[in-house]
Amino acid sequence: MMTTPTLAPLTTADLAPLVPELVLIGGAFALLMLDLFVSQRNKVWTHLFSVAVLAVVLVLLATGTGGQGDIFNGMFVRDTAADVMKTVIVLVSGLSLVYGWTYLRERNLYQGEIPVLVLFATAGMMLLASAGSLLMVYLGLELLALCSYALVASNRDNGLATEAAMKYFVLGSLASGLLLYGMSLVYGATGTLSLAGIHDAIEGSNERTLLLTGTIFMIAGVAFKLGAAPFHMWLPDVYQGAPAPIALFISSAPKLAAFGMAYRLLEVGMGPLSPQWHLLIGGLSAVSLVVGNLMAIAQSNLKRMLAYSTVSHIGFLLMGVAGGGEEGYAAAMFYAVSYTIMSTASFGAIIALSRNGFEAENIDDFKGLNARNPWMAGLVLCIMASLAGIPPFLGFWTKLAVLGAAVKGDMLWLALVGVICAVIGAYYYLRVIKVMYFDEPVGEPLPANNDRVLGTVLGVNALALLALGLAWSPIMVWCQRAFAGLA
């Protein structure tokens, strides 16, 4: 006689690890309802509510509310690595809203759906960081991607923004298809969606051709989301076409979430195949370093320069992944966390120097900035020096960490490529510093920015790159704790 299987009842305690995500998604739905009753004149309340929701989620993560564990049969995993990534993701998402408020309001671009989309995109990134199955990876990825497409297209009257959103959507859909196809091959070969189950199935199997093919397709999808060459075609157009606050958001937190996706898929799921995919990741790293730096040199538009420099930074991040092991992943996370802070500050400077009717997005717009605004020039100097990897700024220690991980992972050739490209990359960052301090101003001096909140946030953000560079060890220890015991 057949018996019907029964499922254990799901209790409130079982959902405890999911508390930050539940609060965030609940806040997003509440904001969606609130926006219906708030006039355009009073949109500041939707802005403040969205920032408050992210602040509450940040506190929940920082205090460890809900505890660690896995739920839904391992589909959702909350561990130290997930908490580190989520904390930074939520912090940077909140900063993007703070940076963007005045900019979007002055240009009549601020609509209630923008903070709603940011909250849902943040929820998608948090799901990626905690994914324990292929299904959760795809759910988090699509939630992030669909919100990102809409955010890029938020300036409907701008042809560049519309074109960028269309390219982003088409190429993003293609990348999602590649990723999904790779997942289907892996599922067909292992018979499970669980990443831990896939790991065990691979260890007990001698037939790996189908698994390697699936891994290649998944790596292509991950590379697109990261912006690694040669899957970076969407980056320059999106960074240039999107409003600066949207470009800030897309350039920062999603990179950390994509790193989390790479870790879950490749190390947790496809770990037994690491000797094969480490070489592929190393190749992507080298190509990204070379292409990103060479293309960035030729740019006169600062947003496009930052887009190509992102490609090179992703190359350094992948260097840590290619190194593998506890040290490699800790170095890669250290780089990802630090880069999100640096990228936020770089686009924050563009926002702070822009005015309604004028976008400070060309390098020539920074000419003579020291003569007009020495404080702002000093902040931009800190940002560019950190991105270039000049000591004692934070960017120097991040590059040193991933280079060390590559050497320890027997990838000396990749470390040498990284050193050469780091020297090349310093050129275009130093060019921005040069025009600020040694070139004559172009045009009339810009009016002073009276937004004290924006100025304060940018000041703290930029000076943090110096402060954290002088005291980088706690961040590195934080990242090492996330991967303690990883072989």
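Just so it is clear, glycine is given a Cβ too, placed from its N, Cα and C backbone atoms.
The transmembrane segment feature in Swiss-Prot is assigned to 18-38 (among others); the stated evidence is sequence analysis.
The transmembrane segment annotation in Swiss-Prot covers 44-64 (among others), and the record cites sequence analysis as its basis.
According to Swiss-Prot, the feature transmembrane segment maps to 84-104 (among others), an assignment based on sequence analysis. Long-range contacts of the transmembrane segment (84-104) within its own chain (CB-CB distance under 8 A, at least 6 residues past either end) are made by residues 20, 24, 44, 47, 50-51, 54-55, 57-58, 61-62, 110, 114-115, 118-119, 121-122, 125-126, 129-130, 243-246, 248-249, 252-253, 256-257, 259-260, 333, 337, 340-341, 344, 347-348, 351, 354, 451, 453-454, 457-458, 461, 478-479, 482.
Residues or ranges marked as transmembrane segment in Swiss-Prot (evidence: sequence analysis): 116-136 (among others).
Under the heading transmembrane segment, Swiss-Prot lists 169-189 (among others). For the transmembrane segment (169-189), the list of distant contacts is 134, 137-138, 141-142, 145, 148-149, 198, 201, 205, 207, 210-211, 213-222, 224-225, 231, 233-234, 269-270: same-chain residues at least six beyond its ends, Cβ to Cβ under 8 Å.
The transmembrane segment annotation in Swiss-Prot covers 211-231 (among others).
For 277-297 (among others), the entry in Swiss-Prot reads transmembrane segment, with the evidence type sequence analysis.
Residues or ranges marked as transmembrane segment by Swiss-Prot: 305-325 (among others). Nonlocal intrachain contacts for the transmembrane segment (305-325), taken as residues 6+ away from its ends with a CB within less than 8 angstroms of a stretch CB, comprise 226-229, 232, 235-236, 238-240, 251, 255, 259, 262-263, 266-267, 274, 278-279, 281-282, 284-293, 295-296, 299, 331-336, 339, 343, 346-347, 363, 387, 398-399, 401-403, 405-409, 411, 414-415, 418, 421, 425, 428-429, 486-487.
Sequence annotations record features per position, and here Swiss-Prot assigns transmembrane segment to 333-353 (among others) based on sequence analysis.
Same-chain residues lying 6+ beyond the ends of the transmembrane segment (377-397) with a Cβ under 8 Å from its Cβ atoms: 309, 313, 334, 338, 341-342, 345-346, 349, 366, 369-370, 422, 425-426, 429-430, 432-433, 436-437, 458-459, 462-466, 468-470, 472, 476. Per Swiss-Prot, the feature transmembrane segment maps to 377-397 (among others).
Among the features that Swiss-Prot reports, transmembrane segment is placed at 410-430 (among others), with the record citing sequence analysis. Residues 282, 285-286, 289-290, 292-294, 296-297, 299, 305, 309, 312, 315-316, 319, 322-323, 384-385, 387-390, 399, 402-403 of the same chain lie 6+ residues outside the transmembrane segment (410-430) yet bring a C-beta within less than 8 angstroms of a C-beta in it.
Tertiary neighbourhood of the transmembrane segment (457-477): same-chain residues 95, 98-99, 330, 334, 337-338, 341-342, 344-345, 348-349, 352, 375, 379-380, 382-383, 385-386, 391-397, 401, selected by CB-CB distance under 8 Å and a gap of 6+ residues from either end. Residues or ranges marked as transmembrane segment in Swiss-Prot: 457-477 (among others).
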Subject >> Same-chain residues at least 6 beyond the ends of the transmembrane segment (333-353) whose Cβ lies under 8 Å from its Cβ atoms >> reply: 81, 84-85, 88-89, 92, 95-96, 99-100, 103, 244-245, 247-248, 251-253, 255-256, 259, 302-303, 306, 310, 313, 316-317, 320, 359-361, 365-366, 369, 376, 379-380, 382-384, 386-387, 394-395, 397-399, 401-402, 446, 449, 451, 454-455, 457-458, 461-462, 464-465, 468, 475-476, 479, 482-483
Subject >> Stretch in 18-38, 44-64, 277-297 most in contact with the transmembrane segment (116-136), if contact is a CB pair under 8 A >> reply: 18-38
